[in-house]
Amino acid sequence: MFPLVLSLFLGATSDIWPLAPAEAFQLPPCQLINQTVSLEKEGCPKCHPVETTICSGHCITKDPVIKIPFSNVYQHVCTYRDLHYKTFELPDCPPGVDPTVTYPVAQSCHCGRCAMDTSDCTFESLQPNFCMNDIPFYY
């Protein structure tokens with residue numbers, strides 16, 4: 001019984017914990033990485049891939065043992081510290097459709113609270129190169 005409790009506590013079984021604690025420290029830290037993202041705009045027929053920098057990586061998080069009612073617990077995520085925006089003109093947009101698209105370029109990253117206005121903090125978000133124009137539309 002004790003080895004089972006110990007393994008559950010330490011996260012040694014992959015059925016309960018996806019990563020053992022020692023493995024979590026081998027994940028890449030929160031840092032800038034180069035990433036291809038797909039730019040698209042309603043009314044324009046194609047997506048256009050561009051290379052940009054994004055924040056990606058692991059942030060150490062903790063969950064309090066004692067839960068205090070009505071208190072907020074914030075998990076840190078890898079997010080932008082500084083960023084600027086670039087503008088790109090999509091090719092092949094029909095007349096009357098503004099072809100300009102603005103996208104963020106990360107300059108530095110940190111582990112902090114998620115800012116929903118600049119980051120996607122969902123559990124599983126769309127991939128950066130996802131393109132709505134690639135999905136067939138059925139009437």
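Even glycines carry a Cβ here, placed using N, Cα and C.
Swiss-Prot has this to say about the protein:
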type     : residues      : note
DISULFID : CYS30-CYS78   : disulfide bond
DISULFID : CYS44-CYS93   : disulfide bond
DISULFID : CYS47-CYS131  : disulfide bond
DISULFID : CYS55-CYS109  : disulfide bond
DISULFID : CYS59-CYS111  : disulfide bond
DISULFID : CYS114-CYS121 : disulfide bond
CARBOHYD : ASN34         : N-linked glycosylation site
SIGNAL   : 1-24          : signal peptide
Listed in sequence order, residues with CB under 8 A of CYS30 (disulfide bond) and six or more positions away: CYS55, SER56, GLY57, HIS58, CYS59, CYS78, CYS109, HIS110, CYS111
Disulfide-bonded residues compared (CYS44, CYS47, CYS55, CYS59, CYS131) - highest count of Cβ atoms within 10 Å: CYS55
Between CYS44 (disulfide bond) and CYS131 (disulfide bond): CA-CA distance (Å): 12
Residue from ASN34, CYS47, CYS114 whose C-alpha is spatially nearest that of CYS93 (disulfide bond), among the recorded positions: CYS47
Where CYS78 (disulfide bond) falls in three-state DSSP terms: strand
Under 8 Å by Cβ from the residue listed as 'N-linked glycosylation site', same chain, sequence gap 6 or more: GLU51, THR52, THR53
